[in-house]
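Student: I have a structure here, written as structure tokens, and I will follow up with some questions on it.
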4 protein chains.
Amino acid sequence: MAGTRFAYVRKFELPDPLLPGTFILLRLDGHSFHRFSDTHGFSKPNDSRALELMDHAARSLMEEYSDIVLGFGESDEYSFLLRKTATLYNRRRSKITSTLCSLFTALYVMHWPAYFPDVPLRYAPSFDARIVLYPSVREIRDYFSWRQADTHINNLYNTAFWALVQQGGKTTKEAHETLRGTVSSQKHEILFSQFGINYNALPSQFRKGSVLVWEKTSIPYNPSNCSASQVLDGENETDANDQEGQEKGASTRITLLHCDIIGDEFWNRRPYILKG
Amino acid sequence: MAGTRFAYVRKFELPDPLLPGTFILLRLDGHSFHRFSDTHGFSKPNDSRALELMDHAARSLMEEYSDIVLGFGESDEYSFLLRKTATLYNRRRSKITSTLCSLFTALYVMHWPAYFPDVPLRYAPSFDARIVLYPSVREIRDYFSWRQADTHINNLYNTAFWALVQQGGKTTKEAHETLRGTVSSQKHEILFSQFGINYNALPSQFRKGSVLVWEKTSIPYNPSNCSASQVLDGENETDANDQEGQEKGASTRITLLHCDIIGDEFWNRRPYILKG
Amino acid sequence: MAGTRFAYVRKFELPDPLLPGTFILLRLDGHSFHRFSDTHGFSKPNDSRALELMDHAARSLMEEYSDIVLGFGESDEYSFLLRKTATLYNRRRSKITSTLCSLFTALYVMHWPAYFPDVPLRYAPSFDARIVLYPSVREIRDYFSWRQADTHINNLYNTAFWALVQQGGKTTKEAHETLRGTVSSQKHEILFSQFGINYNALPSQFRKGSVLVWEKTSIPYNPSNCSASQVLDGENETDANDQEGQEKGASTRITLLHCDIIGDEFWNRRPYILKG
Amino acid sequence: MAGTRFAYVRKFELPDPLLPGTFILLRLDGHSFHRFSDTHGFSKPNDSRALELMDHAARSLMEEYSDIVLGFGESDEYSFLLRKTATLYNRRRSKITSTLCSLFTALYVMHWPAYFPDVPLRYAPSFDARIVLYPSVREIRDYFSWRQADTHINNLYNTAFWALVQQGGKTTKEAHETLRGTVSSQKHEILFSQFGINYNALPSQFRKGSVLVWEKTSIPYNPSNCSASQVLDGENETDANDQEGQEKGASTRITLLHCDIIGDEFWNRRPYILKG
């Protein structure tokens, strides 16, 4: 066959299996999204449309890949946890990384018009992705705590920063200088005393990030624990038929939460996430 | 800081640099494109719209990443050669693999309506990507020969197969049986004697695949060597100012060819591709 | 400096850190020890001198590298478990693999004359080594069970095989044929009925392999669980000062056992092994 | 079988093949040889016994592994070049690294008494090893230039340093201070004016390091290029049958040189080294 004498080049494709028995954490980050958000007029400090588009893409990715048991998003990044027993694509690193990143990207672009009906894409956005392996539950808990703490820190800073600029009339340089060296309580104070903003009353979507998790729909959420719960209905699923599905034992679905995932409550209620 | 005690989880992110001094070959493949092409009504055996959308995405990717010195596409796959001295993203494997795959995907989805104006996307397409390293010019030449030989083999088979089905009224099972064990010349013969098709007169776009290469626009192509040459003009570039640019030595641009890349001629004319 | 323009070649040395938080299992295997044992007249089916030389090298290796918390040896192989929090050589794979393998080899050759006083080394022995990472305690338990089960299976076969050859006058070919397809109980029966050998009464050194573990010397062993216990005293340590050291809490030392490590008892008594 | 349910632990052994088509460079370094050389009374700045023991181990390693086409040693390190087409152990990184490092170590310990008849080993020496891949001839040339330049730099410094200490009566601290910031010519001058030492007249063994190469014995060496040439005869080979072997084309043997390998001459005479 014509191709035979060239086929030896396949031998340069080396295997890249992930260590079995470890949790697979895939994190996607928007590539140069500072520029992308400026070009497309994202609201500051947060753009709900952009966040919800991210959530939509993440949710659809999870519907396609059932090995993903948890998603957490903030700003232009999303983290996905795959169960440690996952055998997706024989645990090949590049295959998983690229395919899931590609699908997320495709979903983001495909659904863009639904979230930004008046803002045509000026150029194609892209995301990078990496896989990190974690051997134990402790590290997974700390990983998600790390990301949610990051959400809080960034959002508090950005909220104060943009209040100073948009409402306080400062330049961005002045705003950075005002905030330099301030601790958390000082930023709260600036927001409250200068702009009448009670930070803790801002939407949990901004303060807590987005949590996507498979769950039975009958689980009641403690409003103080999880102040906002928005469900993007999956395909072929309505609130009406939830109870019915429940009875048939088939009604787990992906639910979007904006709740605390640093404490134990979230995890204690959902032992299946870290089960394996 | 709130995030500090969790930040140790970053230590699980291990480095993945690619060996320096090697050619980086990135190959993208459509994920489950058999189903995707059926769902979206691609013409058989080849759909020019789909091929040209792939070419468009590939071309735009190359415009964004100047380390890519050559692209070769066929069907739902595309191979990109990065120069061996490339330092893109410090040669981090996952970063390069995911970012380029993501951008390609975004471009594919974003430009879909221009190539399939009457076919809305039913679901999001995705691609996988892998990087293969090659130490020397010989292997790079053989890699691209391997892909182009594959293009030929597949296209000849598919052309005969769909002729038997579409014009010959056979079932797909019968068509496979008719072709089983046939050599190249027999497939030519079936096409010619039964359907009046001169395989070698079919568009080189189908027979040779797509070659994307940076080049000075004045290079004359030998029509017998490279029978079809279609140029998708890059941004801010018109035929009118080519000659001018040429004189300033600044007028290289990405050119789409459907020519032989197994023989030496293509490479001898463009020594800069493999230079380093 | 003269070397400066060449120093770029160091950039080709890529990092190879092991995933943090995982148990590191290093296994050494004798290289072509079938030939080596023939050349040097090892007794069949087991040579106590050779096994004890292995134990000696393993014990000295553990004294040098305190991250090794357990060793298990059989025949010409030895497995070493490093605690999952080990930071030895920054967890660089090649550095750990090569250095520990090298020291083990040096110890084996250096102490050869003490175990084989009448058998000069005819040529240099060598070992290969590999590191395998395990995320959890379950896998470590199963790893060591796997090796000890292997010890049992091989030793029972070899004991029966060499009895047939040495005492039964069979050729090696005939002996293999006799044993082909036999299950464990049949091999026991052959040994007992034909040669009067009660397999379970053979030395546990042969049946159980060698276990090296750090422990307080006062731990009493259940003789039915761990039928043979031989202590190679470490440097500067005598039985006399054990009790004294014990009281000061400083008297842990490496102890050699030939006991069961498949059941829970061994591990329950020594929770520190898998602690981290 | 008893071992079956544990055998899954083998799945954690991941493949580690080296990229095909690349030169494999294996470098061994003595582990803590500063202490080892002190303990065993090595002469300063160079100990011929120790260097020749290294050469002996290296030579025997090359006799065992014919994929090694070149060795270069200095001080307590040795570099080995494996041909780029080598398929040794299916190019598995850990297998090659550990086995060759192990055999080198065993040879070093086994032959120690022949080079240090009056100095018993006080403890076991060890070496670490790493593999570095190089894609092209240029990098291999530069790698060996790097090591030989390093030999020169270190030896000039050490020669001056120990002359100041041993003959000049300085403390080691004073000697370091005297040499701090000096360039090459100043060290030559110190050696010559204060101690009557013509550095360039010192043995090339110390100034050039050790080069081990397979070659036909009839190749004449240019004394100005390669001032010292010592041959350790291989097994079953005498000078007497060289010419005969030569005629049969079978008389290649490993030759020890202390010659320049930075310039082209060494390589031009031996094109087979880098051939592949």
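Counting begins at 1 with the first residue displayed.
In case you wondered, yes, glycine gets a Cβ from its N, Cα and C as well.
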Student: Need the matching range: TrEMBL marks region 'Disordered' on one of B:166-186, B:229-249, and I'd like to know which.
Tutor: B:229-249
Student: Mind checking how the domain 'tRNAHis guanylyltransferase catalytic' (B:7-135) divides into helix, strand and coil residues in DSSP?
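Tutor: Taking the domain 'tRNAHis guanylyltransferase catalytic' (B:7-135) as a whole: 57 helix, 31 strand, 41 coil.
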Student: Looking at the binding-site residues B:H31, B:H34, which sits with the largest number of other Cβ atoms within 10 Å of its Cβ?
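Tutor: By the 10 Å Cβ neighbour count, B:H31 comes out on top.
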Student: Using a 10 Å cut-off on CB atoms, tell me which of the binding-site residues B:S32, B:S75 is the least crowded.
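Tutor: Ranked by other Cβ atoms within 10 Å, the binding-site residues B:S32, B:S75 bottom out at B:S32.
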Student: Would you count the other CB atoms within 10 A of the CB of B:D29 (GTP binding site), including those on all shown protein chains?
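Tutor: The answer is 19 other Cβ atoms.
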Student: For chain A, give the subset of the binding-site residues B:D29, B:G30, B:H31 whose C-beta is less than 8 angstroms from one of that chain's C-beta atoms, in sequence order, otherwise 'none'.
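Tutor: From B:D29, B:G30, B:H31, the ones near chain A are B:H31.
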Student: Which residues, sitting 6 or more apart from B:G30 (GTP binding site) on the same chain, put a CB under 8 Å from its CB?
Tutor: B:F36, B:S75, B:D76, B:E77, B:P125, B:S126, B:F127
Student: Would you mind listing, in sequence order, the residues at least six apart from B:F33 (GTP binding site) in the same chain with a Cβ closer than 8 Å to its Cβ?
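Tutor: Set apart from B:F33 (GTP binding site) by at least 6 residues yet with Cβ under 8 Å, we have B:S75, B:D76, B:P125.
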Student: Taking every residue in the domain 'tRNAHis guanylyltransferase catalytic' (B:7-135), what is their average pLDDT?
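Tutor: On average, pLDDT over the domain 'tRNAHis guanylyltransferase catalytic' (B:7-135) sits at 98.
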Student: What other residues of this chain sit with their CB within 8 A of the center of the CB atoms of B:D29, B:G30, B:H31, B:S32, B:F33, B:H34, B:S75, B:D76, the recorded GTP site?
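Tutor: Residues close to the GTP site, other than B:D29, B:G30, B:H31, B:S32, B:F33, B:H34, B:S75, B:D76: B:F36, B:S37, B:E77, B:F127.
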